[in-house]
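Chemist: So Swiss-Prot lists the following for this protein:
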{"type": "TOPO_DOM", "residues": "1-87", "note": "topological domain 'Cytoplasmic'"}
{"type": "BINDING", "residues": "HIS30, CYS34, CYS37", "note": "Zn(2+) binding site"}
{"type": "TRANSMEM", "residues": "88-108", "note": "transmembrane segment"}
{"type": "TOPO_DOM", "residues": "109-221", "note": "topological domain 'Extracellular'"}
Amino acid sequence: MKTCHSHDELIHIYLDGDATKEQKEELYAHLQSCPSCREHLQELKKSIAFIQSSSHIEAPEGFTAGVMAKLPKTKKTAKWKLKAKRHPILVAAAIFLIMMSAAFFSAWSHTTDGIAVSGNGPFVIDKEAGVVVVPEGEVIDGDLVVRNGTLVLEGEVRGNVLLINSRFNKDTLYASPNQVTGEIEEVDKALSWAWYNMKEFFNEVVAVFDAGEDDPHSTDN
């Protein structure tokens, strides 16, 4: 996005909370007549809110120390420090993506420990056979999640079905989609698991932003 070069640094000072009263007034006046800077500032605000909303995601224990230990020792220069200082949001976003990816891959390793099911309704688990059965005539209200097993769906699921490292029983494979009111998604690889979690996370963030934009009391300075 093309912005006015003369006000680009002022925008970053404003977002860092270091702008003086005069600088704020100058920026507000400029935003009234410059749509590109106004849109750029709005995108930066959304990026900051996105990063702050992800504070609950943690990297695996020892991850940071391990990464730092493997980094090659290089001579520090003022050039990269200047770039990092001028683009703190890009640096923070890169660190966030690394930590989030590590957390998702770590979570995937725990999904292969044994058969597990979550859902609101009657179902039968045969751990020895690795089978989950929703009996005929029974209804699962809401989403059904099956990990490391085979799903035999004879009843109905009023929601989504997520199969993590799992599959449908071959006898019910073609009939089952007609018994699910929501979506059916299969995740059988670590990358698919990471993508699924990232997609769900981004959907939640977008929903928060949409709710904020629909709020008539929310205004930008």
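Any Cβ shown, glycine's included, is placed from N, Cα and C.
The structure displayed is predicted, hence computed values, not measured ones.
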Chemist: Hey, what's the Cβ neighbour count for HIS30 (Zn(2+) binding site) at 10 Å?
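Modeler: Result for HIS30 (Zn(2+) binding site): 16 neighbouring Cβ atoms inside 10 Å.
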Chemist: Have a look at the binding-site residues (CYS34, CYS37) and report the one with the fewest Cβ neighbours inside 10 Å.
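Modeler: Among the binding-site residues CYS34, CYS37, the lowest count of other Cβ atoms within 10 Å belongs to CYS34.
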